[in-house]
């Protein structure tokens, strides 16, 4: 099976046809939006994938009250479908859901200084990611924040195993309830 493969800024990228590994049975397009209010950046990623993750089509993670990442995926399974449809992230209002997680990012470090962040919409997991190797981008990476169960499920499938030079560990735990107010009684 062959799929379109590329990564680029915006809603399209200069692709080539890639022969998929034996266990890969679907073509996948990821549209990722990184929002650091008031700015947003869209990245498109096309690759081979596995069809048992296609139901995980929408994911979110929040790093800060004004910084979040939204991911929408589309799959196309079968020999006659090398070009999956564009996922199309729509506008969405994501209100806080009263859950919290520790959050931080370290772009060149396996450690970072945590702060508490409010989870939004369907984010009910606390995500911790540690990258020991991250391709051409980073030699170390740490990330903590709120996440959707779908993002945790996709990470559990280790979808990046086919990518070279990426070594990432992650952990998801249930998000924390609102901090209780201490009383002076």
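Glycine is no exception: its Cβ is also placed from the backbone N, Cα and C atoms.
Note that this is a predicted model, so its numbers are computed, not measured.
Some features that Swiss-Prot has for this protein:
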DISULFID  3-27  disulfide bond
DISULFID  6-13  disulfide bond
DISULFID  20-48  disulfide bond
DISULFID  54-75  disulfide bond
DISULFID  76-81  disulfide bond
DISULFID  101-126  disulfide bond
DISULFID  119-146  disulfide bond
DISULFID  152-172  disulfide bond
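Feature annotations (Swiss-Prot) mapped to structure.
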residue: 3; record: disulfide bond; DSSP class: strand
residue: 27; record: disulfide bond; DSSP class: strand
residue: 48; record: disulfide bond; DSSP class: strand
residue: 76; record: disulfide bond; DSSP class: strand
residue: 101; record: disulfide bond; DSSP class: strand
residue: 119; record: disulfide bond; DSSP class: strand
residue: 126; record: disulfide bond; DSSP class: strand
residue: 152; record: disulfide bond; DSSP class: helix
residue: 172; record: disulfide bond; DSSP class: strand
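Most Cβ neighbours within 10 Å, among the disulfide-bonded residues 13, 20, 119, 126, 172: 119 holds that distinction in the structure as shown. The highest number of surrounding Cβ atoms within 10 Å, among the disulfide-bonded residues 27, 54, is found at 27. Within the same chain, residues at least six positions away from residue 6 (disulfide bond) with a Cβ under 8 Å of its Cβ are 13, 14, 15, 16, 44, 45, 46.
In this structure, the C-alpha atom of residue 75 (disulfide bond) lies 25 angstrom from that of residue 146 (disulfide bond). Between residue 101 (disulfide bond) and residue 20 (disulfide bond), the C-alpha separation comes to 37 Å. Of all the disulfide-bonded residues listed here (75, 81, 101, 152), the one with the fewest other CB atoms within 10 A of its own CB is 81.
Looking only at the disulfide-bonded residues 3, 48, 76, 146, the densest Cβ neighbourhood within 10 Å occurs at 146.
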